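K.L.:
This is the structure I want to talk about, given as structure tokens.
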Amino acid sequence: MKLQIILIYLICIILSSIALVESSNKHHFKENDKVAFYVNNVGPYSNPTETYEFYTLPFCKPSSISYKKTKLGEILQGDSAVLSDYQFPFKSSFENKQLCEYTLNKEDIQKFKKAIGEYYYAEMIYDDLPIFSFVGTVDDSDPKNIRYYLYNHIPFEFDYNQDQVIRVNIDTEHIKVVELADQDEISLKLTYSAKWQPTEHEFSKRMDLYEEFFTKELEIHWLSVMNSFFLVVLLTAFLAIMIMKILKNDYSRYSKTDEEEDSDYQEDYGWKLVHGDVFRFPPYKNVFSAFYGIGWQFISIVCGILALSLFGMFYPNNGGNMYTAGIVLYALTSGISGYQSAKMYKNMGGSKWAWNIVLTATLFIAPLFVVVILSNTVAVTWHSTVALPILTMIEVITIWLFVGFPLTVVGGIAGRRLSENFDAPCRTKNFPREIPPIQWYRRLPCQILIAGFLPFSAIYIELFYIFNSVWGHSTYTLYGILCLVFLILINVTICITVALTYFQLSMEDHRWWWNSFINGGSTVVFIYMYSIYYYYYISHMYGLLQATFYFTYMLIVCFFFFILLGTVGFYSSLIFVKRIYRNLKSD
């Protein structure tokens, strides 16, 4: 496992180095050099997923439409950039340059009114820097007489450092508008201006300018994370001391031998009595092994993504690098899932090896494929740019078929041949022991509430910022905090799952395998409940397209983390159970 982690980190270092070299080579210009200016997408501000091509609105089009060459990640995030007629030579300032002059008919006016009423915003790209602007503004102070204004003059501001562009912004104070009244047609003249000013800000840190955290807010953010961190440390210490003290008392009681019986001796009770069943393998061995193997793969993927983020691979308008990295890492780490799944399956005495490999390869991919087909069908119906082209879908499937699936098979073969026998400290009896009645508040549903709430309470503050970034227009670049929060999540999951496993065994219930996995992954129940709350009470999202993408992809994300955290919970419980039974003297 250590070799696999080292390999992932080496890949991350190589990819980040290549990206930094390419990034530094293509952003140098001479004075008056032409720099391509692209218009990307338009869509309602409240619905970040609902995007359309820029020229679906009746803007004046170039004589010929030339699309920007897009990478896989850009296609996956719905980019559809088109080369525009805006001309911004490097370090060349000007005023009131005409873009075009044309006439809007009644239908075009209504399109603009609808877009302005839904607060459509446009995304533009200059030297790989994002620029955002609303299409227009609306005056709804008088509900009986709502007035719509279209932006017809946009003043751009450029910051540069020697021969590199550092920042592009729009001077909102000097935007000019034209009112769109109830008329059959209107003559429209679109103009723009450019103002260049020097800055000493370094090019390598230009994306820091797009961070939306103010100093005070960042301090509060750090304080909340550190508060969660110290609470986790206290929780870990408390649980560790409590479990160790209880175990010490248990060992002291169990160490009594039959010769030491006296009038006060009582029959043993607790987790010792299930020593002959505690390592009895769970039902549905194939499914359990597949979940376990995929969980290790997902742990590797998250570690790889976090490592790449710390190396500076992900930044605003980075061409969907995170999507690309996710697909590549999933394919390259498929061997981990095959290896770990086959290893566990052999330890359990499984024999259906073909089914084990197929389940491992498809248990996550199949639901994901269903979600993609469903959401893509809705996007195509709405003519949105987030609809994946058929060629892109074939490209992704090809990566999985010719890289991911073969590596899963190779990993499965290696796991089957290289795995050792299951090291169980206690021998399993031929017949399972009867489980005594268990109170309702100690059963699995209540365990799920406890096991899910504590880890969620440690990360819910960070979830707000992540949701604002993924399902909003905020920029998230605090990857150091994200790594710390992920470690907190793993630590709390381990602690609470181990504690619940101990209490379950103390009730003489030996069915801890699936329970520990489900308890470990139960945090996603609260994450999905939070996503529902976020959609209805925090965000302003609306419409079938946005709702379909939001709820279906959140379901897949929760399924992803259920498998990941479930594996963490089970593996930590397995180590704990082996440890406490290894030193137990049983008949």
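Cβ coordinates are placed from backbone N, Cα and C, and glycine is handled just like the others.
Automatic, uncurated: that is what TrEMBL annotation is.
So TrEMBL lists the following for this protein:
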- 1-23: signal peptide (SIGNAL)
- 222-247: transmembrane segment (TRANSMEM)
- 290-315: transmembrane segment (TRANSMEM)
- 353-374: transmembrane segment (TRANSMEM)
- 386-410: transmembrane segment (TRANSMEM)
- 448-467: transmembrane segment (TRANSMEM)
- 479-505: transmembrane segment (TRANSMEM)
- 517-538: transmembrane segment (TRANSMEM)
- 550-577: transmembrane segment (TRANSMEM)
K.L.:
May I ask for the residues of the chain that lie six or more residues beyond the transmembrane segment (479-505) and have a Cβ under 8 Å from a Cβ within it?
P.N.:
221-222, 225, 228-229, 232, 235-236, 239-240, 242-243, 246, 270-271, 274, 278, 302, 306, 309-310, 314, 442, 447, 450-451, 454-455, 458-459, 462, 466, 511-512, 515-516, 519-520, 523, 565, 568-570, 572-573, 576-577, 580
K.L.:
Please check if the transmembrane segment (222-247) comes into contact with the transmembrane segment (448-467), where contact means 3 or more CB pairs closer than 8 Å and the residues in each pair are separated by 6 or more positions.
P.N.:
yes
K.L.:
With Cβ-Cβ distances below 8 Å as the criterion, list the same-chain residues six or more beyond the ends of the transmembrane segment (517-538) that contact it, or say none.
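P.N.:
Here the qualifying positions are 288, 291-292, 444, 447-449, 451-453, 455-456, 460, 463-464, 467, 471, 489, 493, 496-497, 500-501, 547, 550-551, 554-555, 557-559, 561-570, 572-573.
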K.L.:
Run the contact check on the transmembrane segment (353-374) against the transmembrane segment (550-577): 3 or more C-beta pairs under 8 Å, excluding pairs closer than 6 in sequence.
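P.N.:
Between the transmembrane segment (353-374) and the transmembrane segment (550-577), contact is present.
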K.L.:
Which residues of the same chain, at least 6 past either end of the transmembrane segment (550-577), have a Cβ under 8 Å from a Cβ in it?
P.N.:
49, 278-279, 291-292, 294-296, 298-299, 302, 364, 367-368, 371, 374-375, 451, 455, 471, 489-490, 493-494, 497-498, 501-502, 505, 512-513, 516-521, 523-524, 527-528, 531, 535, 541
